[in-house]
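Report on the following structure.
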Amino acid sequence: MAVALGPSGWWQRWRRRLSAREVSRMLLLLLLLGSGQGPRQVGAGQTFEYLKREHSLSKPYQGVGTSSSSLWNLMGNAMVMTQYIRLTPDMQSKQGALWNRVPCFLRDWELQVHFRIHGQGKKNLHGDGLAIWYTKDRMQPGPVFGNMDKFVGLGVFVDTYPNEEKQQERVFPYISAMVNNGSLSYDHERDGRPTELGGCTAIVRNLHYDTFLVIRYVKRHLTIMMDIDGKHEWRDCIEVPGVRLPRGYYFGTSSITGDLSDNHDVISLKLFELTVERTPEEEKLHRDVFLPSVDNMKLPEMTAPLPPLSGLALFLIVFFSLVFSVFAIVIGIILYNKWQDQSRKRFY
């Protein structure tokens with residue numbers, strides 16, 4: 001038998017429900033803030049960042065390298081450990097890479113990289129370093145820190161070994177950046193100097209505290225900063241305006257060793273979407289591009305390779321070449337006979 005509740009009974013029940021609802025909302029808010037999914041204001045002005053989990057990687061690295069559903073792929077000698085992902089061990093002639101499977105279509109973003117480089121080698125007897133990529137192609141092994149040469153996109157290099165002889169202008173390890181449209185080669189013998197956008201010294205080997213690198217791309221402005229002093233403070237390294245990067249490229253990181261070696265470890269990669277205000281003029285200027293470039297920096301234009309000839313086209317070329325050759329021979333014989341006839345008439 002149902003018991004009727006008076007006005008005071010309904011009020012008490014409604015108040016209890018309201019309290020439970022409010023508690024649930026507060027718990028949900030705390031969970032979101034604790035997981036990093038909520039927006040966070042960064043810098044001056046109306047700029048907020050949102051963690052994008054589909055482009056981020058952190059411990060415990062579940063499924064990386066083993067599951068087909070993982071958002072990240074391993075390549076080469078890269079291996080998953082409990083506390084980090086090792087791109088290359090401290091052994092000669094190794095290379096490895098870690099690539100995101102999801103293309104990034106964000107307009108403005110910030111990538112925070114937590115890494116560690118360490119090994120047994122003494123001064124200038126270690127190498128070669130690691131690279132962070134935002135490129136059109138992924139999973140393409142090659143000579144540029146374990147990735148393909150003539151890449152299309154952005155490469156940021158943490159170079160630990162000076163290849164150029166009599167190098168006195170810069171101290172290694174050295175961070176540099178390069179934008180490529182697929183037409184440029186990375187010059188190992190000169191440590192990439194002919195094509196670099198800028199760089200700075202970064203003493204990152206065999207440190208006993210965490211080392212971080214951040215790559216920020218906002219309003220076609222590329223900024224690279226580092227936190228390598230154990231002070232939890234970002235220090236400027238590279239700042240380049242007018243950098244045009246297409247959307248839909250892939251994030252990755254790679255490393256390579258040669259005669260010299262090091263352990264190259266990645267602890268985490270965290271990508272944040274940055275929301276920034278744009279004026280109508282900026283909206284017009286910041287339209288999507290289809291090929292990487294840098295304002296006021298001339299990159300060689302890509303020349304499309306000629307398409308291969310079809311079988312019919314090749315047959316026609318050979319056929320008409322033979323016809324032309326036969327025609328030329330016949331004309332030559334006729335002219336020669338006429339010349340001989342004229343020569344006989346002169347003597348008789």
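A Cβ is built for glycine as well, from the same backbone N, Cα and C atoms used for every other residue.
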Identify which of Cys104, Cys237 is listed by Swiss-Prot as the disulfide partner of Cys200.
-> Cys237
Same-site residue for carbohydrate (record: Swiss-Prot; known: Ser93, Asp128, Tyr161, Asn163, Gly258, Asp259, Leu260; options: His188, His232, His286) | His188
If Swiss-Prot says Asp159, Tyr161, Asn163 bind Ca(2+), which of Asp187, Asp191, Asp210 does it name for the same site?
-> Asp191
Nearest of the recorded positions (Asn181, Cys200, Cys237) to Asn163 (carbohydrate binding site) - Cα to Cα | Cys200
Among all chains shown, work out which of the disulfide-bonded residues Cys200, Cys237 has the most CB atoms within 10 A of its CB.
-> Cys237
Check the Cα-Cα distances from Cys200 (disulfide bond) to the binding-site residues Ser93, Asp128, Leu260 and tell me which is shortest.
-> Asp128
Where Asp159 (Ca(2+) binding site) falls in three-state DSSP terms = strand
For Asp159 (Ca(2+) binding site): intrachain residues, at least 6 apart, with Cβ closer than 8 Å | Asp128, Gly129, Phe172, Pro173, Tyr174, Ile175, Ser176, Asp191, Gly192
Which residues, in sequence order, are found in the same chain with Cβ within 8 Å of the centroid defined by the Cβ atoms of Asp159, Tyr161, Asn163, Asp191 at the Ca(2+) site, excluding those residues themselves?
-> Gly127, Asp128, Gly129, Thr160, Pro162, Glu164, Phe172, Tyr174, His188, Gly192
Please work out the mean pLDDT for the residues of the topological domain 'Lumenal' (39-313).
-> 91
